[in-house]
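See structure below.
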Amino acid sequence: NLWQFGRENQEVMGQHLPFHYLSYGCYCGWGGIEPKCCYVHDCCYGKLDLYTYSKETGDLVCGGDDPCQKQLCECDRVAALCFQDNKDTYDQKPYNAENCQEASEAC
């Protein structure tokens with residue numbers, strides 16, 4: 001869920017990010033080009049509940065026995081790490097989606 005996604009981002013970025021990215025780029029916000037972190041995350045959520053994770057020696061580790069919960073956790077983990085990898089290019093100013101020229105890719 002979005003709260004857990006925010007917690008994972010907080011673990012790797014030091015801040016609770018989901019709301020910072022709601023109007024960022026062409027993909028952030030449901031259905032919303034760069035970074036594609038949001039796009040990949042939206043596609044993943046569209047295919048999949050609460051899950052467990054931990055931070056072990058600096059890495060996020062998805063836990064639990066349910067394969068669907070692990071898959072959802074992995075969606076959040078990959079997006080959180082994508083945001084971490086792209087944090088140097090993050091611009092806090094909202095990006096007008098009208099500037100997006102490309103159509104959204106199929107998941």
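Counting starts with 1 at the first residue shown.
Any Cβ shown, glycine's included, is placed from N, Cα and C.
As annotated by Swiss-Prot, disulfide bond applies to CYS26-CYS100, CYS28-CYS38, CYS37-CYS82, CYS43-CYS107, CYS44-CYS75, CYS62-CYS73. The Ca(2+) binding site feature in Swiss-Prot is assigned to TYR27, GLY29, GLY31, ASP42. According to Swiss-Prot, the active site annotation covers HIS41, ASP76.
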Here the disulfide-bonded residues are CYS62, CYS75, CYS107, and the Cα closest to that of CYS100 (disulfide bond) is found at CYS107
The rounded CA-CA distance in Å from CYS38 (disulfide bond) to CYS26 (disulfide bond) is 9
So CYS38 (disulfide bond), by the Cβ count within 10 Å over all chains shown, scores 25
Within the same chain, the residues at least 6 apart in sequence whose Cβ is under 8 angstroms from that of HIS41 (active site) are PHE5, CYS75, ASP76, VAL78, ALA79
Among the disulfide-bonded residues listed as CYS28, CYS44, CYS82, the Cα nearest the Cα of CYS73 (disulfide bond) belongs to CYS44
From CYS26, CYS28, CYS62, CYS82, CYS107 (disulfide-bonded residues), the ones whose CA sits within 10 A of ASP42 (Ca(2+) binding site) are CYS28, CYS107
CYS37 (disulfide bond), Cβ-centred 10 Å count of other Cβ atoms over all protein chains shown, is 24
Min neighbour Cβ count (10 Å) across recorded positions ASP42, ASP76 flags ASP42
For CYS107 (disulfide bond), the spatially nearest of the disulfide-bonded residues CYS26, CYS28, CYS37, CYS62, CYS82, using Cα atoms, is CYS37
Under a three-state DSSP reduction, the secondary structure at CYS107 (disulfide bond) is coil
